[in-house]
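As written in TrEMBL, here are the features:
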ACT_SITE  204  active site, proton donor/acceptor
BINDING   18, 154, 204  divalent metal cation binding site
BINDING   101, 103, 121  substrate binding site
DOMAIN    16-264  domain 'SMP-30/Gluconolactonase/LRE-like region'
């Protein structure tokens, strides 16, 4: 094993940093600050993050084949043109619910944008239960709802052979798998593959590496864990200097760096003084594995 090293690369403490995505064309890391209502792009060359403010909580960002990005904004799927700082609504979900918002989202290998909703939080991880749903935005801009009764729709990714969809509903404290049909985008046969230990706390964002193992950020657990979805065993734990780790992705030139987002919302002054990097973006090197480049939305 090479030695693992952790560095805070962007210190502008996010309220809730989320949805890190490597943009290879720009050589930069995209991420969002949900409660700060901004989409950010951090460049390893300038070591600076640019931010575009938006008009609602923005919970995920993804690449778009035709240029620009797609985001989940409030209860909307929307398009973002970076240079113009222009956001346009694609479509809306959960119109019958007054207090929900999108949470995590990711594009599947066929270019469909999967994203789920949750009730607005009263305080971090405290909310009305079973208000969320999981949706897919198809390239023709139609939307399908897969299921509802979700607490906090969170991490998602696909197996390397594209036959399994991995998914986290945070308050179930587990990582689940579904059979996945790449042709249709349909999912079925839900099963549990890993239950979190008490000290790992709440499962949040997730990504997969080129060995087919899952990496899960543990909110309030201050760590990312590596899981084998076949055996259900935890293979590795990497602890970070902040408690509220929210999501992770691979990036950098050869996808050998891991980027981890974090949150500062819900922390009092004393807690923040102990963890001044809360809400920062962290880069982990030396993991000895690489990640899978993100898929762009095909619509």
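Each Cβ is built from the backbone N, Cα and C atoms, and glycine gets one as well.
Owing to the predicted nature of the structure, the values given are computational and were not obtained by experimental measurement.
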**Asked** Any idea what the model's mean pLDDT is for the domain 'SMP-30/Gluconolactonase/LRE-like region' (16-264)?
**Response** 97
**Request:** Tell me, in order along the sequence, which binding-site residues from 101, 121, 154 have their CA within 10 Å of residue 204 (active site, proton donor/acceptor).
**Result:** 154
**Message:** Out of 18, 121, 204, which of these recorded positions shows the lowest number of other CB atoms within 10 Å of its CB?
**Reply:** 121
**Prompt:** Under 8 Å Cβ-Cβ from residue 103 (substrate binding site), six or more apart in the same chain: what's there?
**Reply:** 59, 60, 72, 115, 116, 117, 118, 132, 152, 153, 154
**Complete:** Cβ proximity for residue 101 (substrate binding site), under 8 A, sequence spacing 6+, ordered by residue number, returns 56, 57, 59, 74, 75, 117, 118, 120
**Complete:** Those same-chain residues, other than 18, 154, 204, found with Cβ within 8 Å of the centroid of the divalent metal cation-site Cβ atoms are 19, 103, 104, 152, 155, 168, 170, 205, 217, 219, 246, 247
**Request:** Calculate the distance in Å between the alpha carbons (Cα) of residue 121 (substrate binding site) and residue 18 (divalent metal cation binding site), and round it to a whole number.
**Result:** 16
